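Taken straight from TrEMBL:
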TRANSMEM  B:35-57  transmembrane segment
TRANSMEM  B:63-82  transmembrane segment
TRANSMEM  B:89-109  transmembrane segment
TRANSMEM  B:121-142  transmembrane segment
TRANSMEM  B:154-173  transmembrane segment
TRANSMEM  B:223-242  transmembrane segment
TRANSMEM  B:272-292  transmembrane segment
TRANSMEM  B:304-321  transmembrane segment
TRANSMEM  B:354-373  transmembrane segment
């Protein structure tokens, strides 16, 4: 205990080394603000969170499994699966004569329930059949990819209720020029006047769940069990933790967050397609690792993972604003991912 | 304490389906060990009975021809998996090599074919190949150095390299465009066959008889595609290296127990760097051959999961992700299982999307069998 406090205080370089991620975010913001004057604004900040919703959600999905020492390769395609299922259900409900609002709500709830199944199977394979997480979740990647392709037959879903787009691209409240505030719906104003939109709905939607599960991970017994399992599975078994049940829960939560990311995608882009999250696996894992979690398990927190995801979200939106193409994002995420691990070895004890 | 710890491990393993009576017999053990091969035969029989087009020399050659990349990538992945690591970058080294080779050829060839002062075609092709192959070593070198000197877990190091290679490839490919403009002669190398037999007239090697046009090429019996030579060469060389040389023995030793390997005097760091370099180079060869087959430089599309498919083939072929285990022959069978599954489903008219599901199911079966018979392979 004493050594820990001594380390916590540390010298300045150590302090910086442990919190390099925050420093790095500041540097990124300064860099983009210098290069593009329009970057440093409230709108851009909102845009970063809005564009990054899926990355935030998938990073949390990955975090729960990585803490246990596993890996979930299926999150991207479970997300795609959720976009397909939810959009198909919405269209079906509207066709059955339900109002758009109830169709969207019902489809979302049912999708989240169906979205638990891949996680349940992953968890069962990993915990009960002792299939390595890499293999089990890669299998699930194939299965969810196949099923969503079969459902769409190669054509992205269309004809979603317009309300979905209104919710997905709307904001929590709007400030009209006179100072009037309206919630959830954009006020009618004269042409040329700007309405201030504050906090995108999807960001609220995502962070409600993220805060809830941050609480579960950080404060509840189940959360401590996950760290124990990742730290030393034998010790966890011996101390009477129901390892199988908790592992299954971790994979189910992962799958749940992937489905949430899928819902967010459907609301924002009003379409569902199997490969919606295909290239997000790298970003999700990178966010967790940049956030200081170890692939060996037993470490990582929701807060730091969000910081890691924020690095990626700032990079993506910032590079787009200064006119760089997608390829720079890939290169930089790759470089930062590797650097994160190296820096963490120089300055251990960053987490927990 | 130690005994208790193993008993806990055992208790967890109990969850795996136990080998019952049948699997104790000689036949049972044989079929468990070679289940992938048996499964391959069963698939071939089913697809042959289910459609008229499957059991055909043209189709079989087609399967082999289209799996060249898969064979090479899986062989590359096997090397790394035996050492207990994993290489997630090979799929994107594949794309990088293909696009870079095409880009170099495109630039050198742009002077106009046969124009004044332009380079001879063979020189264009040779320089393109040289550029692609030498650059494809670099990701492997970086992976190896990161894994050994900087102690970055292979998963992270190669995943970072995945991003970097993908980014550079997309930069070279100018956004999401295949790179055109390489000399058309490369197609002749990539797509021709060893033997052309015109039943009534003649036999020729490596090039179709001159009087045969593309339109009536089907009247000629074409045997042994060039791609088969490449796949065989790579598989045989790597199989020889793994099975018969000291280098191979050290590779298995490192995967079996890193500590024991270090203590027995193996230069583990240098060995691992070489393994990652070879894996990367073989993936580069695969990407370059993709350019020869298609005539254009193809970047690796996101979600193509070439590297994961390679892992799947390696695992179905009996390797273990914990290292120390796996053979080239098994890996080749693993690649064939996936290739025949895809091709057969297409031919009998089942939606090709079922193959994604098929791969997932097969992979899980592979590991469960591996778990149930830990001492078999």
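Each Cβ is built from the backbone N, Cα and C atoms, and glycine gets one as well.
Counting C-beta pairs under 8 angstroms (sequence separation of 6 or more), the transmembrane segment (B:304-321) reaches the transmembrane segment (B:354-373) with 3 or more such pairs.
In summary, the transmembrane segment (B:154-173) lies against the transmembrane segment (B:89-109): three or more C-beta pairs, each 6 or more positions apart in sequence, are under 8 Å.
The recorded stretches the transmembrane segment (B:272-292) and the transmembrane segment (B:35-57) do not share 3+ CB pairs below 8 A when only pairs 6 or more apart in sequence are counted, and are therefore not in contact. For the transmembrane segment (B:89-109), the partner stretch with the highest count of Cβ pairs under 8 angstroms, out of B:35-57, B:63-82, B:121-142, B:223-242, is B:121-142. The highest tally of CB pairs under 8 A with the transmembrane segment (B:223-242), across B:35-57, B:63-82, B:121-142, is held by B:63-82. Here the transmembrane segment (B:35-57) has Cβ contacts under 8 Å with residues 223, 316-318, 330, 333-334, 336-337, 340-341, 343-344, 347-349, 362, 365-366, 369 of the same chain, all six or more residues outside its ends.
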